[in-house]
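Please read the structure below before turning to the comments.
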Amino acid sequence: MAAGLALARPNLLNPNNPIRSLSLAFWLWKALLFLVIIGCPGPGYDTSTGLLPYQESAASGAKLEAIRHAPFSLPLKLVRWDSIYFVHIVRDHYVFEQEWAFGYGYTRILSFLTSGKVLPQFSGLDGVARVALVAIALSHIAHYFSVLALYRLSINIFGHDNTSGALISFLSAALHIVCPAGAFLSAPYGESLFSFLNITGYFLYSSSLLDADAGKRASSDAKLLLAAALFSIATAVRSNGILSGTLFAFDALLQLRKIFTQGISGDILLRLGVIVVGGCVIALGLIVPQWIAYTTFCMSDEPLRPWCEQLIPSIYGWVQVHYWNVGFLRYWTLSNLPLFILAFPMLFLMCRSSIWALNTAWPSDTATSVLTRLAAPNGLLAVMAFTSYHVQIINRISSGYPLWYWYIICQVFTHVADFSSVVKHSQTFSIAIQGMVIYAIVQAVLFGSFLPPA
């Protein structure tokens, strides 16, 4: 048991002072990743980042040779892969049709933050440097609060008045710090913001269930609607946020079952109404950006684009298929086999954790209820990544889904469902921790050098 506790409680991570310990571990880890990325020599394999400063109007006549050897400022070291599109969109809005594949909510939030009204101290910087700095700061801050939100969510589910519950809550938040998303949670990407919004939404959702059990109807309904608002924004940031709507679909079915078994009552109808409104709010996160694109491309004097005449005119669905080769089994080629192998551990963890959540009995009805609900978005994301996405992105978009963190941590405990405080040495846990740390550091080197996987 002593050996197990030593495994679960290294000197840096002290559950007796969770916020301080998590904060210290977080910023040390971020500093390490930052140093690794900026330490990568040269502009990297791809020099696309270096073109951004020369797209400013004042630099339109810059020579190609000057562009090739442009000095890379520190913030631009983190502008890689998709973040080049994000920076370009924030600075110049959506210029090209294919850019609509990148989260509308994330770019609008960055546009607001970099407008000069919110952060005037950055107004003296050129457009690219300003956008990159603000985006990097947003990623770090959002990831930090995402760690704290996961800690609070875990306490809601597992409690903090027992050894096992406190350790699960603390260690799952610590795992979130070093998760495989790695450098993507520091760079100008939407993953950090999505993770914060989605996990905080889960926290409010679980708090709503706790309040409902305690008879606090008004508080429960208010938190449910707040959770829906966060899920909606998360969906605008990353479209997979719509999967959190399955929680509301599940709740709606429960209320309908109550109507059939208990009869119609005011309380049931009110709760059902709140759930339906919440579900509609979440859907707006997907619908509003599509409507804005529709009015831009399909209600002008220009020739109509092909997607404008589809039954469901979605620019997002069109550009994903037409430009990015995203769709059912489109990624299933022999050349992509290494990427499926790279994604396999996370796909396995997400599927296994969903099954674990459905099959594990917990002493708390709320814990059982929440974990059962979270199995749906967690498992659906894994299936969609395996069949329809660029499969390797599961290693970063999984960061906003807490179920697999809890599954790994619970491998440390025996009889965790009844909160027996027996800690065991788990090979699965050790391999997971070591693998994530090594993967994140290697990934940071590749990211800083503009090398795949992205």
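Along the chain as shown, the residues are counted starting at 1.
Backbone N, Cα and C define each Cβ position, glycine as well.
Please treat TrEMBL annotations as automatic predictions, because they have not gone through curation.
The transmembrane segment feature in TrEMBL is assigned to 21-44, 131-153, 165-187, 224-248, 268-288, 337-358, 370-391, 403-423, 429-451.
Counting only same-chain residues 6+ beyond the ends of the transmembrane segment (165-187), those with a CB under 8 A from a CB of the stretch are 8-9, 13, 15, 18, 21-22, 25-26, 29-30, 33-34, 37, 78-80, 83, 135-136, 139-140, 143, 146-148, 150-151, 154-155, 158-159, 195, 346, 395-399, 402, 405-406, 408-410, 412-413, 416, 419, 423, 433, 436-437, 439-441, 443-444, 447-448. Below 8 angstroms of C-beta separation, residues 18-19, 22-23, 26-27, 30, 75-76, 78-79, 83, 86-87, 90-91, 109-110, 113-114, 119, 122, 125, 169-170, 172-173, 176-177, 185-189, 191-193, 195-196, 199-200, 202-203, 206, 399-400, 402, 405 of the same chain, each at least six residues beyond the ends of the transmembrane segment (131-153), sit close to that stretch. Distant neighbours of the transmembrane segment (370-391): 156-157, 202, 205-206, 209, 240, 243-244, 246-247, 250, 324, 326-331, 336, 339-340, 343, 347, 350-351, 353-355, 357-358, 360, 362, 397-398, 401-404, 406; these residues of the same chain sit at least 6 beyond its ends, with a Cβ under 8 Å from one of its Cβ atoms. Listed by sequence, the residues of this chain that lie at least six past the ends of the transmembrane segment (337-358) yet keep a Cβ under 8 A from its Cβ atoms are 180, 331, 371-372, 374-376, 378-379, 381-383, 385-386, 390-392, 394-395, 398, 401, 403-404, 406-408, 410, 432, 435, 453.
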